[in-house]
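A short worksheet on the structure shown next.
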């Protein structure tokens, strides 16, 4: 096959050479051996020049034979014409051209150049119009004209293209019209369908001659003469007749003014441009303007199939390109944009797709989009809908997408519709009347408009529409190479962070978006990327990979219209709507769609510009979040201001935050900050268990290895979650949905829901009901535990205690329960609103200690060691029993003391005491109760649904029965008085309390013996006495106070009374006197183990045993006897009266005294009645 092609080529060369020599006048017969060795290039659509274009032979040379000569198929304008039988003279040997050819083309060689070599030399010669003499110029023109209109060219075409001619009926009709040039022109029109290599080669070579002079083209002269004159693009009757390469300027001029041409001339220009599109040599104006640029910038690119054009397009804004070349390249590009059919390689590569998908690229009235934009949108639509496009077509699309994105001036719709925006927002780039400036174009102006559309709300809708159309057509999100400026700005980042990413399929853009907050992301790359991403985020069709992976799911679950198209403008459908819909159905999506959806959602949280449904609805609120110090954290700022946002913005933030709460991995800032920590602490958490992941991070956020940025992100996540009921996790909703719907409807915040359920759980424990299921209890325990870690997680408490925090806890930080512990330590000093809420928190802590973060975290090791098998509600009791263990950390002991102090100071917090002493309280201590504390109504208190408002409400809208108009508990000391009352009854050996109540009281009293501070009344009354008497340092302070009392060294009356109380409690039962209990432990087991505790019964048992008890027990008993006697010594009647009146057994003693007095009176009366001797007589006797 190859041999056959070479043979045909050789024959063709020989034929064209002989033909050229025959029709050139020959003045020197001795040069006949110099045949034309070069290729003859045929013409497309040629015809003889009209009389206006070609002068008669007589006007040039009178010796030229008439045109009617049958031997001459065309007129020969040659004064030296030889008879037809003689050989024509080569151009190099003709007298008109010999000297010029030798001077400019010979290069010192004496060998005669062939005719085609001469033509090539003259075409490539700079300033040939001035260097070559005019006679030679005419001779060259005559030679080419005669060649292209010789019938034997038609004969050669028939020989080379016989098979193809039979396939084209239109061309076959011209076979008989020899010399008209119509056959070659017709074959060129069908060039894409020609199958014979020799025919294709022949037709392609003819183009070089045609485009060296527009006057050689068929019909062009007649079709464009009026336009040339009107637009001042040259003169057809120019007597000087410029040489061929100057004629390219006429076509160039007409091309620049393509829109102003008549229909007939436009058709001819189009045909010429179409022929030129494969080989840049054929666009003479561009060829001559860019010859040096081509050698300098595209030397490695071979000509043909538009390759040189593509290279020059790419180098258009290279600083090494000359302005003249840049101007011609721009002119060529403008033609292609105006009518894409001018670009034959593009049409050839995409012809199949254009036909199959009916891509209409013709101008339509009212449609401002250019022909190229229409084609690209049609092909993009084809790709987005999953259809296949050939690789060659894709490559051509990329070339033209880059071309559009590089130069705004190629898009006439942008020039016309965006002029105001360019002047207003891009003044430094816009120059009135400037053309082809690198600073003005190179993609900078387009990106300036993209940035202005993103930031400036005054951007006109008409300009925005054409910018949207351009971005859709170019689609840089699919292939970053389509945006040269973006690719250049991000190249260092791509090479560093995405080196192995293949271009196309959104790979590189997604990689850049994934690394938007990476330390290696440059500011310039981020800015250019966000300018493009702004438009991508507002058009779901441009969302990377979404349509390819989720199109079926969008149609199934989200009612994606069947007739959607890239050619349509969006009205009100935003990408967030479809993403939200897909997220709601995420469990039913295809696996590939699930993965892409999660990736897109993850990327969108990186910047507010990627979330148009938030950015567009929060313009006013975002204005307060434009702090450069928190660039990229605008959404986080909106979450912090959640309760102060406008309703429209609040709804948008709520919707997106709800998704991040359900799946914390969608929170980009959190995941970025915590990625190393997840590997450290939560590596065993599997994908799909997002709630377990955030819980793991929360659990370890106070670890020493925890990064402070991750901890801050976790805190923000937790704080934000409390601000709306919608932010409850999906896991919480699943397990507590029934309880929330039944008991907590109407709660607006998550904090309100949690408090409502906490009250319900507390009520369950106190009243032994089961309103909350165990599965919900587990979720609620986690929420309560994290709430107790920071006061910021309880907005209602933080608001109520704002003043007290500043007053007592200004040096504490919110985390690790520091402020909460501080408030608890000062709970008797805090303001009324704070005390009311703090009281509820303390009550929850002591009744359900597993929800007490401070206790559970600071005592974790002790709990694990000593209380791991205990019921969680009994953790406090277990810790109390192990409080003196060496393993007990001081920080744990301090927290434990406070919790025990709460239990000992307020009966309302002591669940066991309330349960077991209820009847005794009603019997002996009813007077201490102001109003029954109702747990049923605790939940009616303000639960924080109105937190974080600017104004504080003075009146609680739902006050509990135990709160006053200020929200304070009516009597803070009531619970303490009840405990004191019960302890006094317990100390009174004449009163018998119920056994369960006695057990609880012994536990309270024994707890108070751990530290004198746990006996609130004793410590408050005797604190001054302890400080004055330094001898108590280093010894048990209760025993020290007892000794001081026994020695009469206590002066404070209140302190004396409290010391007497604890002495009496020791009399009531041996177990509440630690020293006595320790000394007599063995004796109690031996002699009194079967004696019930309480009322001093076991103590009386020991006393009755006398000397049978151990000496150690005897010694302590003897000291205690002396102590007990000291509290009953009465020095006078007044003291006795005071004792009786102040005695808790006042009624009992009053009855005894009354009974005794009555008895004395009766006895006295009886005695007086029996006395016979009168008093005076007795007195007299005495006086005697």
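A Cβ is built for glycine as well, from the same backbone N, Cα and C atoms used for every other residue.
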- Note on the structure: Range annotated region 'Disordered' in TrEMBL (choices 852-891, 892-931, 932-971, 972-1011) is 932-971
- Query: Tally of helix, strand and coil residues over the repeat 'Cys-rich GLG1' (260-320) according to DSSP?
  - Reply: 40 helix, 0 strand, 21 coil
- Item | Integer mean pLDDT for the repeat 'Cys-rich GLG1' (771-831) | 87
- Tally of residues which DSSP labels helix, strand or coil - the repeat 'Cys-rich GLG1' (1050-1110): 43 helix, 0 strand, 18 coil
